[in-house]
Amino acid sequence: MVKICCIGAGYVGGPTMAVIALKCPEIEVAVVDISVSRITAWNSDALPIYEPGLDEVVKKCRGKNLFFSTDVEKHVSEADIVFVSVNTPTKTQGLGAGKAADLTYWESAARMIADVSKSNKIVVEKSTVPVKTAEAIEKILTHNSKGIDFQILSNPEFLAEGTAIQDLFNPDRVLIGGRETPAGQKAIAALRDVYAHWVPVDRIICSNLWSAELSKLAANAFLAQRISSVNAMSALCEATGADVSQVAHAVGKDTRIGPKFLNASVGFGGSCFQKDILNLVYICECNGLPEVANYWKQVIKINDYQKTRFVNRIVSSMFNTVSGKKIAILGFAFKKDTGDTRETPAIDVCKGLLGDKALLSIYDPQVNEEQIQRDLAMKKFDWDHPVHLQPMSPTSIKQVNVVWDAYAATKDAHGVCILTEWDEFKTLDYQRIYDNMQKPAFIFDGRNVVDEAKLRAIGFIVYSIGKPLDQWLKDMPAVA
Ligand SMILES: NC(=O)C1=CN([C@@H]2O[C@H](COP(=O)(O)OP(=O)(O)OC[C@H]3O[C@@H](n4cnc5c(N)ncnc54)[C@H](O)[C@@H]3O)[C@@H](O)[C@H]2O)C=CC1
Ligand SMILES: O=C(O)[C@H]1O[C@H](OP(=O)(O)OP(=O)(O)OC[C@H]2O[C@@H](n3ccc(=O)[nH]c3=O)[C@H](O)[C@@H]2O)[C@H](O)[C@@H](O)[C@@H]1O
């Protein structure tokens, strides 16, 4: 029986391995982690991450050919294929701080693999890493190998949160990079055989190591760039009276451009887009390509601009101050159908409003108070470390109140901000919300989910990203 072990039971390691176990009943899959609380949760009825369809997959395989364990060394030493799916945060200090990827967790995993291995292994990079990382990993493994053969493969993951199971069942492509030697090609074939259990072979792309590593960074950069492009247009739409949804629709009809990923928003969030672009920028700089680095840096700058612009719009339209005013925040996760808050635009928007002394009442169907307080107190980039190694927030922020209902959040509020596109926000009883709010009642829709005309008819002053502005907002221009 082929044995697979995955180091890192996170958003990637957990779902990917669960799907491999489901689709390959004859393979034994162990997912291991240094975080005891994560592994305990994976072995319980309350999984550590919320992902539609994940519960069913885990329930079908757990205890049969899918195991979650903290006994990292045992499972690594027994495995034929070891996936490494650990954190690769942005460095916060030292060389490359604020940009370069911190490979501490990766390196310690590699050293441990070398230490405990007694048989030949294929080691698979699943984490997103800088191009050429495989070379460094190869050096660590071979210098400590005691005669064991390690083949390194790059097999980056392209799943998106909220649709992870769907993406894993039916991926656009699976990418496997390896050495162009006979042993490297044999390792590629072994991993291809795993995916071929359910992925059509023409969707399994094989390449050299560096192309595979760089393709992952490139794909995320291209995706984020589309969002920054449409968000840049949204600012121009507001200034001219064009409607960003109509512009995006017209532009996306061009088959060369395509309709997906053109939704203007308060900004992109999530654990990877910013981190991976910063990483790309750093690699460009290290390779003497400052023009290329600056080109990609701009994608992040527009994203920051969009969040700042949103906060300024709120403050300026509410008579240039939100001090002491209750503002309801609907949605805190970085997108719908996930409880993940890593780099969510809600953090920057909330911090901006708190900076202007607002009182926030926050509701998100999947995010609890402890998480929100942690996020608002944590320093930039500190979130991307194993849970038990994250710095604890000193005290909770008193101006923030977290509630479990949109109506409670909006009661007596001066303004409502929609920061995540949860479906339930489309069907709220906005008349009831309006009746219970202070007047004039404002709605700032950072995800373009509400029907502006209906809300205006109720009496709200409505701001929707990239849409023609209310006269009220035109009279109170926001300077970014
Ligand atoms: N979240 C996502 O949607 C995607 C993430 N990625 C990449 O995958 C990698 C992992 O991301 P996530 O799963 O989101 O992170 P995560 O933080 O959810 O999971 C990483 C896990 O690795 C564990 N870990 C760290 N060092 C360890 C060690 N030495 N031994 C055992 N366990 C260790 C941590 O405790 C944590 O549970 C990152 O490089 C990320 O860029 C790639 C595609 C999608
Ligand atoms: O490397 C990763 O971590 C993953 O990053 C993204 O996936 P994810 O961050 O989970 O979610 P996305 O659907 O890409 O959304 C990212 C952010 O962009 C925002 N977004 C997305 C699309 C859009 O049109 N407009 C927009 O503002 C979302 O609301 C969210 O805040 C990529 O889509 C995945 O392919 C990739 O594997």
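Glycine residues also receive a Cβ, built from the backbone N, Cα and C atoms like all the rest.
What TrEMBL records for this protein:
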- 8-13, Asp33, Arg38, 86-90, 127-128, Glu161, 272-275, Arg342: NAD(+) binding site (BINDING)
- Cys272: active site, nucleophile (ACT_SITE)
- 328-452: domain 'UDP-glucose/GDP-mannose dehydrogenase C-terminal' (DOMAIN)
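Cα to Cα, Asn87 (NAD(+) binding site) and Cys272 (active site, nucleophile) are separated by 11 Å. Only Cys272, of the recorded positions Gly8, Asp33, Asn87, Cys272, Gln274, place a Cβ under 6 Å from an atom of ligand 2.
With the fewest other Cβ atoms inside 10 Å of its Cβ, the least crowded of the binding-site residues Thr90, Gln274 in this structure is Thr90. Residue counts for the domain 'UDP-glucose/GDP-mannose dehydrogenase C-terminal' (328-452) under DSSP, split into helix (H, G, I), strand (E, B) and coil, are 39 helix, 19 strand, 67 coil.
The Cβ of Glu161 (NAD(+) binding site) lies under 8 Å from the Cβ of Tyr11, Glu51, Gly270, Phe334, Lys335, Asp337, Thr338, Asp340, each of these being in the same chain and 6 or more residues away along the sequence. Cα of Thr90 (NAD(+) binding site) to Cα of the residue listed as 'active site, nucleophile': a distance of 10 Å. Counting neighbouring Cβ atoms within 10 Å of each of the recorded positions (Gly8, Asn87, Cys272), the lowest count belongs to Asn87.
For Asp33 (NAD(+) binding site), the same-chain residues lying six or more positions away in sequence with a CB closer than 8 A to its CB are Ile7, Gly8, Ala9, Gly10, Gly13, Ile39, Phe68, Thr70, Val72, Pro386. Of all Cβ atoms in the shown protein chains, 22 besides its own fall within 10 Å of the Cβ of Tyr11 (NAD(+) binding site).
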